[in-house]
Amino acid sequence: METKNDSSDSGFILLGLSSNPHLQKPLFAIFLIMYLVTMVGNVLIILAIHSDPQLSHLHSLLRVLLMSRLSFCASHVIKHFFCDTQPVLKLSCSDTSSSQIVVMTETLAVIATPFLCILFSYLRIIVTVLRIPSAAGKWKAFSTCSSHLTVVALTYGSVIYVYFRPLSMYSVVKDRVATVMYTVVTPMLNPFIYSLRNKDMNRGLKKLRNRIHL
């Protein structure tokens, strides 16, 4: 049986999205803009909630404990832009079956189940919208629902793709792209899609704007 050198070193190196030096600056600029938009959108929501009193607003411990018992034999370079579960499990030379079961179970309970419930609720909404006699009313309802459903599909679809699959099917490039979708893209879109179409939130933003002008 082949033996590997075990290592107790707890340090890891994050490789990032790409090791190509020519892509580092463009990627930095793109993600900086996206994070700034995300921050501005969420800060506006916080300020709007603060302006209107009528608006109110862990990672699994078991998973962390299981991963803390793993051994790492060779490279400590994580080919990712943050320390996610799957890339770390891929580096381990220990038996990771229990950790993989925990990850898939959590994904099924926390992600897949709510996603199916959301899809079911949207199907009921679509049936209700189809009963609206006015064509303009149907269009307005469908435009709102479609934008919400797009973000839901992007978020849950990418998360399920990343976590609800065996480690043997892990792909660094595909995993990075999917992770960017639910860690960067959807948080940037959420404040605009879920909040700016909300009447109460619009009322809060109007109050905030009036206070600024005063």
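Numbers run from 1 along the shown chain.
Just so you know, glycine gets a Cβ as well, placed from its N, Cα and C.
Any TrEMBL annotation is an automated prediction that lacks curation.
Record features, source TrEMBL:
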- 1-194: domain 'G-protein coupled receptors family 1 profile' (DOMAIN)
- 27-49: transmembrane segment (TRANSMEM)
- 108-130: transmembrane segment (TRANSMEM)
- 142-164: transmembrane segment (TRANSMEM)
- 176-196: transmembrane segment (TRANSMEM)
Beyond the flanks of the transmembrane segment (142-164) by 6 or more, those residues with Cβ under 8 Å of it: 84-86, 103-104, 106-108, 111-112, 114-115, 118, 122, 125-126, 129, 174-175, 178-179, 181-182, 185-186, 189-190, 193-194, 197
Long-range environment of the transmembrane segment (108-130) - Cβ separation under 8 angstroms, sequence gap at least 6: 138, 141-142, 145, 148-149, 152, 156, 159-160, 163-164
